[in-house]
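Engineer: One structure, pasted below without further comment.
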């Protein structure tokens, strides 16, 4: 069974809801027509606050390895902390939080998603939205098009940090 993924900024793609925890397959990522890079890293963890340090560390390590400047790495870590905290607080019990860090030539794209009981995890105009747009060069949200219910609905946030040489 597939549902339509509603990308709030870019049309949509399909999501295979039969995957465990309602996770999306690689081909279902809202990459705006781009394929995931060969250096992309995906980490799936229980949607619990105890896992925030691990997620921040992963993003910080990849950002540093990718030669983002110190401030850009710090901003990206803070943005990921905010995104993941919001997702964890809205996640269904026993949900899995999925984090994908995709280094590209001119940017690092981070996508976080989880099965949530609401689509109002991060709403444009909210305090969290302002924090995220101050920390990342681009912020987008997406969900799988289903209304949140007992089974939840996949909600995600994509952050983009551009390299200093490419107009940061």
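Positions of Cβ are set from backbone N, Cα and C atoms, glycine also.
Swiss-Prot feature annotations, pasted as is:
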type: BINDING; residues: 124, 125, 126, 127, 128; note: ATP binding site
type: COMPBIAS; residues: 7-16; note: compositional bias 'Polar residues'
type: REGION; residues: 1-31; note: region 'Disordered'
Engineer: Taking the Cβ of each of the binding-site residues and counting other Cβ atoms inside 10 Å, which one has the highest number: 126, 128?
Structural biologist: 128
Engineer: Using Cβ-Cβ distances, find the residues under 8 Å from residue 124 (ATP binding site) that belong to the same chain and are at least 6 apart in sequence, listing them in sequence order.
Structural biologist: 141
Engineer: Note the Cβ centroid of 124, 125, 126, 127, 128, the recorded ATP site, then list each other residue of that chain whose Cβ lies within 8 Å of it, in sequence.
Structural biologist: 122, 123, 129, 130
Engineer: Enter the number of other CB atoms within 10 angstroms of the CB of residue 125 (ATP binding site).
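Structural biologist: Neighbour count, Cβ to Cβ under the 10 Å cut-off: 7.
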